[in-house]
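Read the structure below first, then the notes.
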Amino acid sequence: MAYHIVVLPGDGIGPDVTRAAVQVLEHALKGQSVEIVMSEHLIGGKALDTYGVPLPDVTLEALHKADAVLLGAVGGPKWDVGPGHLRPEAGLLALRKTLGVYANMRPVKAFSELLDASPLRREIAQRVDLLIVRELTGGAYFGKRERGSDAHGMQFAYDTMFYSENEIRRVLITAFDAARLRRKKLTSVDKANVLDSSRLWREIVQDVSSHYPDVEVEHQLVDSCAMNLVTHPQSFDVLVTENLFGDILSDEAAVLTGSIGMLPSASLGQGIGLYEPIHGSAPDIAGKGIANPLGAILSVALLLRYSLHVDDAATRVEQAVAKAIAHGARTKDLARGQDDVVTTDQMTERVLAHY
Ligand SMILES: NC(=O)c1ccc[n+]([C@@H]2O[C@H](COP(=O)([O-])OP(=O)(O)OC[C@H]3O[C@@H](n4cnc5c(N)ncnc54)[C@H](O)[C@@H]3O)[C@@H](O)[C@H]2O)c1
Ligand SMILES: CC(C)[C@H](C(=O)O)[C@@H](O)C(=O)O
Ligand SMILES: [Mg+2]
């Protein structure tokens, strides 16, 4: 039986890094008993241009027989005008909601050869090894929202950070389970000094934690957590937080590893998994062939592990990335001083050569 992988390259550097990821996926499955069938579809800005919507029916239909989705990135200045539901990003949010992928796993691990690219002191940067579990299908991204104007013509807008008990509980269970497989420490991040949704979040953490007596639990407010991530990143194992806080903290944490181009993600939930690097479409470097493909390639490792269940191939991809870096391969975002700079395609070749 073959697994169906839906490939959604998207916009900007999305197609470049997705091409790299697909090459590595095909290579990793050579000689494996696992077979895949891939089909490529439109999402985001390109889908808007072709179909007038950011998540067209043809793409949605392809999801029905999919076992996993591999995505590049969506968005760009061309589509920054226009109403919210006709933005490329709305297609990505609808995709996540449709797939029910409520737990977004964002591992953040420093490679020792890249410590010079990190803004942290070497002795701190080398200890960065944490996992952000970001709630992905709730909160302000999906709550009631409105734009309008009052009787005096004064405009207003609001977005609601809504969470149900079930939405909080299920992502916490994923996070506690992940902590159990790691260093058994869980930091729950909220804004319980201000927000009711955070106070509910904290109460449910307390409740779920009673089933995980072996996992040490701490609560941090999101503002001081943002600071602690930079000052004491080694104090974190698993961080779990709501959608918007997780979005912001994961870009911050990415920088600790040297570049946002390094970070992969797996979005998991009730059914098929969605795999994407955490970065965006990077309009400032799109079309130049210099994007770092490693976040997308490491997302393939997560796809191999969580959706295709070939753990040995997943580990080999991760090792190939580590070896390519150890042998000096640096895309522009990672390069410092005398480093040789490689293109997206050359970085991919280096990874393939070390697989
Ligand atoms: N998952 C997604 O599809 C996703 C994620 C984030 C942002 N976006 C969208 O992307 C667009 C641009 O957003 P942004 O500029 O705020 O964030 P971005 O992540 O696209 O870029 C931020 C900075 O990081 C750099 N960068 C990002 N990925 C890189 C890579 N692989 N290699 C080298 N450098 C890289 C960019 O050049 C830029 O300087 C927006 O439309 C945004 O909504 C999409
Ligand atoms: C593009 C945007 C909707 C998206 C998000 O905020 O979730 C991105 O920033 C991410 O981190 O995947
Ligand atoms: Mg983001």
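Glycine too: its Cβ is placed from the backbone N, Cα and C atoms.
The substrate site in TrEMBL is built from Arg96, Arg134, Asp223 plus one of Arg106, Arg122, Arg145, namely Arg106. Note on proximity: of the binding-site residues Gly84, Pro88, Asp247, Ala282, the one nearest Arg106 (substrate binding site) is Asp247, by Cα distance. The average pLDDT for the domain 'Isopropylmalate dehydrogenase-like' (4-351) in the predicted structure is 96.
Taking Cα separation as the measure, Arg134 (substrate binding site) is nearest to Tyr141 of the recorded positions Gly84, Tyr141, Lys191. Summary for the recorded positions Arg96, Arg134, Lys191: the Cβ-based neighbour count within 10 Å is maximal at Arg134.
Cβ neighbour counts within 10 Å, taken over all protein chains shown, single out Ala282 as the most crowded of the binding-site residues Ala282, Ala286, Ile290. Cα-Cα distances to Asp223 (substrate binding site) place none of the recorded positions Asp80, Pro88, Tyr141, Asp247, Ile290 within 10 Å.
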